[in-house]
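Enquirer: First the structure, then my questions, so here it is.
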Amino acid sequence: MEDGHSKTVEQSLNFFGTDPERGLTLDQIKANQKKYGPNELPTEEGKSIWQLVLEQFDDLLVKILLLAAIISFVLALFEEHEETFTAFVEPLVILLILIANAVVGVWQERNAESAIEALKEYEPEMGKVVRQDKSGIQKVRAKEIVPGDLVEVSVGDKIPADIRITHIYSTTLRIDQSILTGESVSVIKHTDAIPDPRAVNQDKKNILFSGTNVAAGKARGVVIGTGLSTAIGKIRTEMSETEEIKTPLQQKLDEFGEQLSKVISVICVAVWAINIGHFNDPAHGGSWIKGAIYYFKIAVALAVAAIPEGLPAVITTCLALGTRRMAKKNAIVRSLPSVETLGCTSVICSDKTGTLTTNQMSVSRMFIFDKVEGNDSSFLEFEMTGSTYEPIGEVFLNGQRIKAADYDTLQELSTICIMCNDSAIDYNEFKQAFEKVGEATETALIVLAEKLNSFSVNKSGLDRRSAAIACRGEIETKWKKEFTLEFSRDRKSMSSYCTPLKASRLGTGPKLFVKGAPEGVLERCTHARVGTTKVPLTSALKAKILALTGQYGTGRDTLRCLALAVADSPMKPDEMDLGDSTKFYQYEVNLTFVGVVGMLDPPRKEVFDSIVRCRAAGIRVIVITGDNKATAEAICRRIGVFAEDEDTTGKSYSGREFDDLSPTEQKAAVARSRLFSRVEPQHKSKIVEFLQSMNEISAMTGDGVNDAPALKKAEIGIAMGSGTAVAKSAAEMVLADDNFSSIVSAVEEGRAIYNNMKQFIRYLISSNIGEVVSIFLTAALGLPEALIPVQLLWVNLVTDGLPATALGFNPPDLDIMEKPPRKADEGLISGWLFFRYMAIGFYVGAATVGAAAWWFVFSDEGPKLSYWQLTHHLSCLGGGDEFKGVDCKIFSDPHAMTMALSVLVTIEMLNAMNSLSENQSLITMPPWCNLWLIGSMALSFTLHFVILYVDVLSTVFQVTPLSAEEWITVMKFSIPVVLLDETLKFVARKIADGESPIYKMHGIVLMWAVFFGLLYAMML
């Protein structure tokens, strides 16, 4: 049934043909079950374990590695017998990497809560219905309830379907709708039709929503929606239709994978084609097929060299470490890739209640009469400090701190706050914080009374819990509450009938303490309290009270005001009909006005500075709230979203105003607006869609079930720690303290993580370029193998992986939150950086090949071959004068490969130091600014020595121990990489400063001169 809220009770019942007393017939129930289906949310079909496993291999880099492993495995089958073991090492290692990655991926997905499944927890098991097949109320399974059923609910019940209320049996009916709206204050319901067909859920006061809870009262209603037709069902549908989007980093890595696959393909084909002339060399037994397979193996080695196998593991580790740092700042990250996405957040869409504010109502201003002479009067206006439920704060009058005990009227006001109240404050030992027990508004009045301490209670020596209830205890020794006249909509007030336990200034008889909406209470006031006297309250005085109350309710504060009054001579209890709430109005008469208190959900202290930081960082903050426009704008002025006197036209929209715009105007509104008030969940989703269409990266906060679709749709969904399970499981991040400032800290951490990630990704890529160059040069020049696939795997995974991970600990730049957010489509590598890393990579490759060639040609421990012999080594087995006296087995000697591998490892350790900063010199940013990097380099070298000096491992990796002379040569080949990168950084700094790279070049020239001078001295 559409627009059930706008229909009268009779129209709703007639729509389904429901008898208002006896409910549906069995035939109607069967027909409706067939028409509408069961009252349950469909179960989400989970993926099988094999589907999840296959998904882990749906990645281009993984597919390339898998192909390399399969080819290596096939080629290993054709190896000579003595080489069979080492030949199988490479494909096995690759497969182990892939299996480990898949296991981790599947484990993460299986453990991730499903937001859609979490919705099921709000479905009740049973419901109470009235049907014609049985007399009275019967319990049925909730899923058997159909539209048209008469359902009865009472305190503690979970609503089994969307229900149009037809009758309320109690004085009031309060419903906790926090799972849907995120607002903690329970909603008072009624049976009247709401004629507005566009009313938002918060305004549908005659509807009970499925999954919400009855906080107080008892009622009956007709079911108007079941299953997917309920408000919670529509949220489920929207969530299931929301597609997951890849993070900017995932998109960049996908692009990198595509480019890499193309480059690998071209280079592999080129290497294989270049050597076609060598296919029938004597080393291959003159067989073209064996020669083709041999060079195919080299091409596969090239593919292994080009793929940064350690990259996925390093990225995961860096992100995981980032989440630990964020957790210390109360931001719990559920989705690892979202850590990096935080770094490019350009818009934060924040809830108001509980995120920008404390979600703890607090009285900030109040007034009482100072003096009254006829129609002339003056007020005493007090201001209170403190913005939480902790009853600590000061009271000020005209900017001066005062003692409330000096004002007689404040003693009476405190008494009303305590006695006309059904709530309390409680100290949570675990959270070390005070919490409300009951309604937020009433809790604020209790805290006010404790702050006032108008009876001068001595709190010294009391613990926090006892001190927080000391004033209440004092007042309760003076008065006893006999009964309460509950709040009702017609009179908009509540009252407590109290009798004195001891004599006080208020007299010896019983009192009726009243609080409520100022207009309603003043209507029934005949007098006003001025000190200890009671004066007549004229219409002119009432107008002045309402005028000042109006000022409190508008402008910067927009306070929620309550009037406090007392009936000095109330009716006797036996003259009251306490069972009929419609008569309560008659008992709250001849009241004496005491004062008006103004309260608000105050902004968090730290939010203003966080908004300023966001502005400096180029991040726009949009406040999205279900609160009314005036209150929301007032809070936004207090926290700096709007300036004090700023015109909010075109920058602040209510949900209805937004709906009245055309799609083009809506997009323009989202582009400039900073506040959306009185919004529905679908507004949040629409705002996210518009932001995404403008290439903005949005972070969206939420805590209710209704927020889940928007949280899932936004790039960064941020749930509140106090929010629903559905919101938390739909979000990428959960704020443990519900604090907006924690989001800003998380964004800062995200930016730092991205900067560090950029450094280690570039480090790994430049290292891989070096490996590709070394294999390409070896094949192109016809040199013996310098590096084999298993060595390349070791370097990529272990030796490179450790320093790359350590680069994730680089300290953040000091100005990181003074720069605009990076664009989501910003490339990892610019043109200049590509040149830099190609230059470094080419040197790495050349030095690696050069070290192997040095051993063959120049080393005293080597064969001292000629360059021609080295480049034509495959012809050695064919004999001939050119290889006279040369043992052809020398070309398989592990020394050359060990030299190449040692140079590669050493250069890449030094290259890791180069990656401490993109442009800063090692002189200004020395290695010890990141001790993790020094430790990882030491560990990498240790592992390298292990494979050199442990026999079993040296056999697997085909390496051998090196002499002192060989180690010195390794260092000679390696150190220039630091000098080369320092030169390139110097040029980059000069270009960034707009200066000529030639300017102040003498330092760089001197650095190179010293190196070559030392090199020459060592050769003498």
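Here the Cβ of each residue, glycine as well, is placed from N, Cα and C on the backbone.
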Enquirer: Swiss-Prot annotates one residue of Ser186, Ser240, Ser378, Ser456 as phosphoserine; which residue is it?
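Expert: Checking Swiss-Prot against Ser186, Ser240, Ser378, Ser456, the phosphoserine entry points to Ser240.
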Enquirer: According to Swiss-Prot, Asn768, Glu771, Thr799, Asp800 bind Ca(2+) 1; identify which of Glu657, Glu665, Glu908 is listed for that same site.
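Expert: Only hit among Glu657, Glu665, Glu908 in Swiss-Prot's Ca(2+) 1 site, alongside Asn768, Glu771, Thr799, Asp800: Glu908.
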Enquirer: Return whether the side of the membrane given for Thr226 in Swiss-Prot is the same as that given for Ser963.
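Expert: Going by what Swiss-Prot records, Ser963 is on the opposite face of the membrane from Thr226.
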Enquirer: From the DSSP assignment alone, can you count helix, strand and coil residues within the topological domain 'Cytoplasmic' (809-828)?
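Expert: Reading the DSSP string over the topological domain 'Cytoplasmic' (809-828) gives 4 helix, 0 strand, 16 coil.
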Enquirer: Which of the recorded positions Ser240, Ile307, Asp800 has its Cα nearest to the Cα of Asn768 (Ca(2+) 1 binding site)?
Expert: Ile307
Enquirer: Looking at the recorded positions Ser240, Ile307, Asp703, Asp707, Asp800, which ones sit with their CA no more than 10 Å from the CA of Glu908 (Ca(2+) 1 binding site)?
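Expert: Near Glu908 (Ca(2+) 1 binding site), where near means Cα within 10 Å, the recorded positions are Asp800.
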Enquirer: Can you tell me which of the recorded positions Ser240, Glu771, Thr799 is spatially closest to Asp703 (Mg(2+) binding site)? Compare CA atoms only.
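Expert: In terms of Cα distance, Asp703 (Mg(2+) binding site) lies closest to Ser240.
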Enquirer: Return the member of Ser240, Ile307, Asp707, Asp800 nearest to Glu771 (Ca(2+) 1 binding site) in space, with distance defined Cα to Cα and candidates limited to these recorded positions.
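Expert: Checking each of Ser240, Ile307, Asp707, Asp800 against Glu771 (Ca(2+) 1 binding site), the shortest Cα distance is to Ile307.
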Enquirer: CA-CA, which of the recorded positions Ser240, Asn796, Thr799 lies nearest Asp707 (Mg(2+) binding site)?
Expert: Ser240
Enquirer: For a three-state summary based on DSSP, what are the helix, strand and coil counts in the topological domain 'Cytoplasmic' (1-48)?
Expert: 22 helix, 3 strand, 23 coil
Enquirer: Using the recorded Ca(2+) 1 site (Asn768, Glu771, Thr799, Asp800, Glu908) as reference, state which further residues of the same chain have their Cβ within 8 Å of the centre of those residues' Cβ atoms, listed in sequence order.
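Expert: My list of surrounding residues reads Pro308, Leu764, Ser767, Gly770, Leu792, Val795, Asn796, Leu904, Val905.
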Enquirer: What residues in the same chain, six or more past the boundaries of the topological domain 'Lumenal' (778-787), come closer than 8 Å to it by Cβ-Cβ distance?
Expert: 271, 274-275, 278, 295, 298, 301-302, 305, 771, 848-849, 851-853, 856, 870-874, 891-892, 896-897, 900-901, 904
Enquirer: Tell me the Cα distance separating Asp800 (Ca(2+) 2 binding site) from Ser240 (phosphoserine), rounded to the nearest angstrom.
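Expert: That comes out at 41 Å between the alpha carbons.
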Enquirer: Same-chain Cβ contacts of the topological domain 'Cytoplasmic' (918-930) under 8 Å, 6 or more residues past its ends?
Expert: 758-759, 806-807, 809-811, 833, 978, 982, 985-986, 988-989, 992
